[in-house]
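These notes concern the structure reproduced below.
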Amino acid sequence: MKLFLIFLQSVLPIFLIILVAFIYNRFKHIELKSLTDVTLTIFAPLFVFYSLTTHKISIDLLYRPFVFMVFLVIALIVIAIVVFKLLRIDEQYKIPFILSVSMINVGNFGLPLISFVFGEKGVFYSIIFFIVFNIPLSTLAIMLSSNEKNFFYAIKDVLKIPLIHAFLVAIGFSLFNIQLPDFLNKTIGLLSMAAIPLLIFILGLQLSNIKISSRFLRPALVASFLRLVISPIIALFIVYLLGLKGVEKNVAVVQTSAPSALLPLMYAIKFNRSPEFLSTVIFLSTLLSGFTLTILINYLR
């Protein structure tokens, strides 16, 4: 009964919005780029800015998520490589397999999930983890997918993301204790409220557009298992080593136990890096995450 209530209150709302977007796009074929652009350049950055400026940010708050991210990503990449070798999967799927295990949907899925599970305080930590993960993971996704070895070329694309700009401005406001006029703060707060439903809706639209293949079922299930089951276990071990506690610890574990990210798929399509395999993992891991996340949230409570 407890598991069912957790699923009903925290996980099901996300899947219902995904389902609405999925079905709607099958009939109406929404122009995804425009909706994504307006969300990622206006609503999501304002959400990041508003959430962070309502709390005091310290260097320690940024340092701990960064160390957590480094340990987790390295561990996931190593495990993905070892499992890939043990299963003797076709070499052409090596990079997509690694990306599907180590690249986490901390944004479209992770942010809304934390909002539903832990509320406003959880969202504050969630945004920090989202940004801290987004910069290096986006860079890594570009470099691995394109065989681009120039770090600065890859990070140049990442630094164009408006969410990063909003994060840096919010840190500046917090460090220098700058206060916005009340009317402007209310306007930003109102606009930021649209970010969560839009992020989930866009995820549903993206899922409705991807193509999955049954021939990738076995390796895709293995990748999903590593992403949804092994990753939380590693995350729990790392937060214990780092001494993270309370809401910060729970956010770190839950958010990084989200399904595989969509970002690597965009680069896999662009550079022809087995996008169908990656699509299959993303679809399966998103579908199965409803069960694994419910169990994880129950354990942490």
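Backbone N, Cα and C atoms are what each Cβ position is placed from, and that goes for glycine too.
A TrEMBL annotation is a machine prediction, not a hand-curated record.
Record features (TrEMBL):
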- 6-23: transmembrane segment (TRANSMEM)
- 35-53: transmembrane segment (TRANSMEM)
- 65-84: transmembrane segment (TRANSMEM)
- 96-118: transmembrane segment (TRANSMEM)
- 124-146: transmembrane segment (TRANSMEM)
- 158-176: transmembrane segment (TRANSMEM)
- 188-208: transmembrane segment (TRANSMEM)
- 220-244: transmembrane segment (TRANSMEM)
- 281-300: transmembrane segment (TRANSMEM)
Contact ranking winner - 35-53, 96-118, 158-176, 188-208 against the transmembrane segment (220-244), Cβ under 8 Å: 96-118
Recorded stretch, among 6-23, 35-53, 65-84, 158-176, 188-208, maximising Cβ pairs under 8 Å relative to the transmembrane segment (96-118): 188-208
Candidates 6-23, 65-84, 188-208, 281-300; stretch with most C-beta pairs under 8 Å toward the transmembrane segment (35-53): 188-208
Considering the transmembrane segment (281-300), which listed stretch of 6-23, 65-84, 188-208 counts the most C-beta pairs under 8 Å: 6-23
Remote residues contacting the transmembrane segment (188-208) - C-beta distance under 8 A, at least 6 residues beyond either end: 14, 17-23, 25-26, 30, 32, 35-36, 39, 42-44, 46-47, 49-51, 105, 107-109, 111-112, 115, 180, 262, 282-283, 286
